[in-house]
Amino acid sequence: DPGDPRPPRPINASPKCSGAPSSRTARPRCSAPLPAGLRAGSAPPYFFVNFLTPPLPFFLLAPSPRPVCMHCLSPKMVCETKIVAEDHESIPGSKKDTIIVSSSQMWPSLAGSPPSPPPPLTPPKEDPRRDNVYIREFHPSEQEVVRRIFYEGIMERIPNTAFRGLKQQPLTQLLYGLLAVMCFVVTKSFLLTCCLPIFLMGMRYYFSRKVILHYLDCALHTDMSDIEQYYMKPPGSCFWVAVLDGNVVGIVAARGNEEDNTVELRRMSVDSNYRGKGIAKALGRKVLEFAMLNNYSSVVLGTTAVKMAAHKLYESLGFKHVGVVEHYALPGMTRSLLERMFFQVRYHRYRLQLREE
């Protein structure tokens, strides 16, 4: 306007914003065409941008779908935008609560489809107590480690049979008591009478070891001598191993009987260093699965185990106690008078009915 006393403003000069340094370089003129309805020198309308909420899409900032260059926006808006963005520490949680969100989660789908659910901020933590135990079929290269696990498991029964087994034999306890009384009556010596129980327990351990070693020798020279030939090749039979961290830690076998359509669970044993992890139960379930897949009517087993944990394991798998045989004769027993006096074992029979015949 000719009557305006103010000096004309340079075209290429950029206005100064409050709080911004005065030495800002001149912003070049934008060569993009102006939208319809706007005159030269006027700033396009814009929406107030709040950086505390998710930003609006860029195309909503302009009144028309035609592209708008950032140089054409108001210098005041550009300056205020920079000040708000630099004031990062004033935003609560901006330092430690930074969350990376993909564009598909921030912007709703233009087609109207619901946005995908956000991913979890932290990955789910795995239970450190969970062990990766899996059951697979026996391989001939594992013959020695399988025999070792079986041997160590049977050898543990020597002290159990000699000492713990006495609790389940009331007649034997009565016999030992009568022997102690006779010893005192004959010798009149408290020392000999007190030493008699030690002698009796020593004899029980000796005969338990003798009988169980004979049983082990028999087993290691029959089915456990060639597992591939005895369990893997015949139909209706199989042998599995439990593997943990690449090591064989448990064994179990199944032997089918076509006459009564049953399968027998045999040779179950777990390495003593890996017990309490549910390995024995997983081995037992593998035999039950094998029996169902092969249409057997029931699964049977027999055990001379003294520990109650073994019996509770079979019951947890669904087996029912169907009988007990007193003074059971293991393979290798001579049935002599001393052997029958100092070694007694009970044979428990269990059965799990899968289907009716």
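Cβ coordinates come from backbone N, Cα and C, glycine included.
What TrEMBL says about this one:
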- 1-30: region 'Disordered' (REGION)
- 106-129: region 'Disordered' (REGION)
- 114-123: compositional bias 'Pro residues' (COMPBIAS)
- 174-200: transmembrane segment (TRANSMEM)
- 201-344: domain 'N-acetyltransferase' (DOMAIN)
Looking only at the domain 'N-acetyltransferase' (201-344), what is the mean pLDDT?
93
Would you list the DSSP helix, strand and coil counts for the residues of the domain 'N-acetyltransferase' (201-344)?
62 helix, 40 strand, 42 coil
